[in-house]
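Quick notes on the structure that follows.
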Amino acid sequence: MSRINLKKSSAATTPTSPHCPSPRLISLPRCASSSIDRKDQGSPMASPSTPLYPKHSDSLHSLSGHDHSGVGTSDKEPPKFKYKMIMVHLPFDQHSRVEVRPGETARDAISKLLKKRNITPQLCQVNTSPDSKTEAIDLSKTMEEIALHLPDNELWVHSEYLNTVSSIKHAIVRRTFIPPKSCDVCNNPIWMMGFRCEFCQFKFHQRCSSFAPLYCDLLQSVPKNEDLVKQLVGIASENDGPDRSVAEIVLAGLAPTYGQSPAATPDSSHPDLTSIKRTGGVKRHPLAVSPQAETAQLSPAGPYPRDRSSSAPNINAINDEATVQHNQRILDALEAKRLEEESKDKTGSLLSTQARRPHCYSGHILSGSRMNRLHPLVDCTPLGSNSPSSTCSSPPGGLMGPTLLGQSSSVSGSTTSSLVAAHLHTLPLTPPQSAPPQKISPGFFRNRSRSPGERIEAQRPRPPQKPQHEDWEILPNEFVIHYKVGSGSFGTVYRGEFFGTVAIKKLNVVDPTPSQMAAFKNEVAVLKKTRHLNVLLFMGWVREPEIAIITQWCEGSSLYRHIHVQEPRVEFEMSAVIDILKQVSLGMNYLHSKNIIHRDLKTNNIFLMDDMSTVKIGDFGLATVKTKWTVNGGQQQQQPTGSILWMAPEVIRMQDDNPYTPQSDVYSFGVCMYEILSSHLPYSNINNRDQILFMVGRGYLKPDRSKIRTDTPKSLMKLYDNCIMFDRNERPVFGEVLERLRDIILPKLTRSQSAPNVLHYDSQYSVMDAVMRSQMVSSSYIPPSTAKTPQSAAAAAAANKKAYYNVYGLI
């Protein structure tokens, strides 16, 4: 019964303020509550501290069953909210919940969420829908008011600027890194499997995924998007905080593309943008911006960067070419005066620190050797401000810097100071910004005299500089020569010691000209990059006392010694022959891929290691050393060099300017094939050297094919014939030679060299029976000489006959 009376009384009472309702009003009808809200909204005097209807409040408190005699208005109930917790959707697909607290504004509540995520609240707006184009809510209202009128318990925080600056999402794909790459998080190599962003190329391990940045680097996408550049310009000019610095960094990196002159190009590309922090994951570092990049135009349309937002526009930034030229003349006069004073200061007491001090701008220190290419006479000294929001009034483009002011204050009374004072009014200055003025001490820019210790250090003679050595050059005191191994057409080979056993080849070069030395260094630069299993390792070169090269020592002997010198001569099996030819083709194909022509390929330069399974090619390259020139009629003519038995016909004729081609090495390889297959040198029946040169050069003479071993496969013989073709265009390259060698198939079983064993047996017996019975010959055979009696002789004859038939499978 009391419950019914409570409903009637509550329905009959006057509506109360939504700011101080009783918790028991939950059972009120919806129409009553909505009418309360509408009436309360229309009241201009609504206040969260004083109820609109105190009588109704007292009646509600009396209905609640509490005794409020004399204190009914002082004891207030907490307000009624439609939602106690509101879901807030933050930028970059983040979300959080905010509690509706009395008296807390929406700005304060949502700013806490944004600041925890390093998001600038001033760049954001709050809407009641996911669409950022809808009307934003008033952040000065309390969360109570917003919660009352919120259709759903959700709010959306939108920021066009933040999406522009850092909302480019990664396109992460799984990648196999061969060869391994360094992880951009921990800098350790990524072995095989890892992850990479297809947009910004950010690489990381799976274990480092939690430390990877959530968004891409803008430098990968901004150059392709003009609208994005304009938005970045707006951020850099109208906002403050970390987003402004990010926008300036990106625009500084893009300055050569957007509005910056070529002379103001930054020194180098930006470094790695990420570094690992054990407590906070990856932090993006700002780029090291050069003074030219930082003073470059932020907008492609205007010549000067826009100042930070202020109440008054910058009306003094005048794009006047005459003003720039006038300022340049002032700076030229200042530099001339400074050089004149330095020339008079011979004792060093008043040496200007302008040449010693590193050039810096806005706190970024550059090397002292680098000058401002736009205005090389300005030495930009930092103002020493600790406030990140403070700015200095300076002429556009950095024409008038603090060092110029410092020079005028430090050299008072001189021509320089008067010149500066006379022209200061002609320089355009930007209006003061909202930041407080900075106090600059004139003594900060004063030139310092040398101390006595510095004067003594300057007069002390410096030790002579050591001679500069080229890359991969080995000094004479770093290696030791043991004994001579052999000599060839281009030099003499010695065995020596250079951090291990090496081969030292002294080249037949006497007094090389500067051009020949330069060509030799270029070839050495190519040789030092060769790395292959079938190529001797190049270790360096020697300049003094004689030009020499140092290579890997081969613990074995050459193929020439194995075939023609050692006794007994080694006759390789056909499988070993093909394996040797394959390895030579592999090494030569690698050298030709590096544009290295051997010019002297022969069995003397093909080495077999001690294991007899690895082939090494040596004495390759060095065209400068292997070229001889003669003077004929005042003109230099190239002469053929090398060993004539392995020389290609076009090299012998020397009709072309450069007869050495990959096909000339293929011809030499064909002669090496002949040596291995025949165990003879070509043209061994001709003793006249000139006759060999003439006949081979004309195509009249080829190696004798009749001396090649008979078990040579036909496909290998055809390859040999193609390699020694007279026309070099008909010869294959080493890539094709290698494929044809791999296609050669040898029989697995070889023919027996012994006489065949023919078994005669009757057809009624199987072969297995004949074999089994033949094993019993030794036990059943009795020689005839053992017979003593006629009976034993007859028995022996019968046994011999049985053994005979047993041997031939007749029993």
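Quick reminder: no glycine exception, Cβ is built from N, Cα and C everywhere.
Remember, it's a predicted structure, so these values are computed and weren't measured experimentally.
Matching 91-118, 119-146, 287-314, 343-370 against Swiss-Prot, the residues noted as region 'Disordered' span 287-314.
Each residue contributes its Cα atom, and for CYS183 (Zn(2+) 2 binding site) and VAL485 (ATP binding site) those atoms are 49 Å apart.
The least crowded of the binding-site residues CYS208, VAL485, judged by other CB atoms within 10 A of its own CB, is VAL485.
Here the Cα atom of ASP600 (active site, proton acceptor) is found 49 Å from that of HIS205 (Zn(2+) 2 binding site). Taking only the Cα positions, the spacing between CYS186 (Zn(2+) 2 binding site) and CYS197 (Zn(2+) 1 binding site) is 16 angstrom. Counting in whole angstrom, CYS208 (Zn(2+) 2 binding site) lies 14 from CYS197 (Zn(2+) 1 binding site) by their C-alpha atoms.
According to DSSP, HIS170 (Zn(2+) 1 binding site) sits in a coil region rather than a helix or strand.
In the shown protein chains, 20 other C-beta atoms lie within 10 A of the C-beta of CYS200 (Zn(2+) 1 binding site).
Counted within 10 Å of its Cβ, the other Cβ atoms near GLY491 (ATP binding site) come to 21, all protein chains included. Across the domain 'RBD' (84-160), the model assigns an average pLDDT of 84.
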